[in-house]
Every structure is written in structure tokens, then in C-alpha cells.
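Participant: This is the structure I have questions about; it appears just below.
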Amino acid sequence: MKTLAILVLCSLAAICLTSSASAGAQPAGDSPVQGGLFMEKDQASAVVRQTRAAKELTLAQTESLREVCETNMACDEMADAQGIVAAYQAFYGPIPF
């Protein structure tokens, strides 16, 4: 999914750069670098948020997920086959903690 998003953004950037280049000459003081191709690190971090790796679940948290999943027979069987985290997410959505 990330690859598709990056590909689309690169395609749009290429289209914008080629269309502005073919539209006419730029003034001498307006180089592409000053035109916004690059940005400061703090501005870039506001646009692209870094995701952190998920932390390990504690034994109490895992047991809590197991108790919720035990009430649903299909979820309980999936937990035995694929793991409690995959089963909980499939039936109840994202893990709440």
C-alpha cells in the first residue's frame, strides 16, 4: 500500500514538474529548489508521520484478549490456529491498548 502511495506521489510530481517546464521559462531567481521541491525537516515531519513498532503485549493484556475471544466460537478456533492477536483483530478490530 505504501508503494502504491509513493508511486502515485512520484507520478504527480513528475507531471507537475514537466507541465511547469513546458508552460514557459522560469524567472532567473526562481529555481526548482527554491520552489518547494525540498522542505525543512520540521515541516516534512508534519506531513509524513513516523509509525512506531507495536510493543509486545503483556501476559495480562493477552489474557484479556483471550477472554473476550473465548465467548465467540469462531474467534476461539481462529485464535488456536492463527494466534490470539490475529483472531481478535479479525473479529473485534484494533487492539484497544
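Including glycine, each Cβ sits where the backbone N, Cα and C put it.
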Participant: Can you dig through Swiss-Prot and tell me which residue of GLU56, GLU63 is labelled 4-carboxyglutamate?
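Facilitator: Swiss-Prot annotates 4-carboxyglutamate at GLU63; the rest carry no such entry.
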Participant: Here are some residues: GLU40, GLU67. Which is flagged as 4-carboxyglutamate in Swiss-Prot?
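Facilitator: Record annotation (Swiss-Prot, 4-carboxyglutamate): GLU67.
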Participant: Just choose from CYS16, CYS69 the cysteine that Swiss-Prot connects to CYS75 via a disulfide.
Facilitator: CYS69
Participant: If we check Cα distances from GLU63 (4-carboxyglutamate), which of the recorded positions CYS69, ASP76, GLU77 wins as closest?
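Facilitator: Spatially nearest to GLU63 (4-carboxyglutamate) by Cα position is CYS69.
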Participant: Within 10 angstroms of the C-beta of GLU67 (4-carboxyglutamate), what count of other C-beta atoms is obtained when all protein chains are considered?
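Facilitator: There are 9 of them.
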Participant: Suppose we draw a 10 Å sphere around the Cβ of GLU70 (Ca(2+) 2 binding site). How many other Cβ atoms does it contain, all chains included?
Facilitator: 12
Participant: Mean pLDDT, the domain 'Gla' (53-93)?
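Facilitator: Over the domain 'Gla' (53-93), the predicted model scores a mean pLDDT of 94.
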